[in-house]
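There's a structure below that I have some questions on.
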């Protein structure tokens, strides 16, 4: 949620933000028109209340002087003012609701360090780690390698659920589980995160609080009878854990990690990554979420990103980090780093994590604050990132660690979790 006071005071900030995101700026004008009417009504209501208070004093004085007829006239006038105030209050509430609904459609303001660009082609590479492997044989894509090993079954998955679902068997299913446990262990033991287990179904308000609704309703799975939503990411329930709460300053930063399955309709991705496991309706992810103070949030983003990178380094998978441009930036994000792992089947890097500073955007919607040393309450800043997406990491291992004989070598750090060094038929 944007800061209405800031919009009122400095609308140019929001005009510029929407221009950088290549979005229509008309919505700002609509809110400002409604806000002017709202403030005009507020002033009128305050004047009417002041007049009614004066009349009440005059009525009391007249009654004390036994001037009941004059007092009755003023009482009638006061009732008329009361009716007018009631109508104005109703109009004011309608304006507030309309402004709130419009404000929910405005994205976060990009940070000054975010490059201006139209789409993902203008994202800026920040750094690379590792060197893509040069094969002395023709490497296979995971969508061929998995079925040949008898460990991935796209056909039966389609029979069960339709397109963009996967069934895995045996050691590949175990590798998925091993990756989850490995990531949770690293983040809890080395990086100091608190593990949390959360529901996979959340109320509509929770999706609004975290910026997923109303914009992404078409992308979401919804249970119509109960109006509960399957989570698109663990970020949603974790961030909402502290909705309507005032945290203590000494508690910050709060750092949570959670493993969940994630559910996305991918309504806007028709024709993208149609083969294999890159873009699924259901996928596993380990999520990292921070709650911190405003002045610390951008340093926290750097640390959060390094925490996610550490997983790929331990797995010895080559990757790069890119700073997303304004045209590719997420709706709720002020700044995002994508971590992209090298995939031989694409001869390119593919996103395996997005690490974002949401600033106070979600905190304003969910009313998450902390009490500072000044004894005043302030909105927290929230951050989130994948630490990592399990399926895409598994794909990266399959493709980068494959052997000419069709087997897959297990990364050294995962051998204790797997109990074997290779996956074979």
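Glycine too: its Cβ is placed from the backbone N, Cα and C atoms.
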For the L-serine site that Swiss-Prot lists with 233, 234, 235, 287, give the additional residue from the candidates 113, 386, 424.
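L-serine site check in Swiss-Prot: besides 233, 234, 235, 287, the record includes 386 out of 113, 386, 424.
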Long-range neighbours only, meaning 6 or more apart in sequence with Cβ under 8 Å: which ones does residue 287 (L-serine binding site) have?
233, 234, 235, 238, 257, 258, 259, 260, 384, 385, 386, 387
Apart from 233, 234, 235, 287, 386, which residues in this chain have a Cβ no more than 8 Å from the mean position of the Cβ atoms of those residues at the L-serine site?
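Here the non-site neighbours turn out to be 236, 238, 258, 260, 262, 285, 286, 288, 289, 384, 385.
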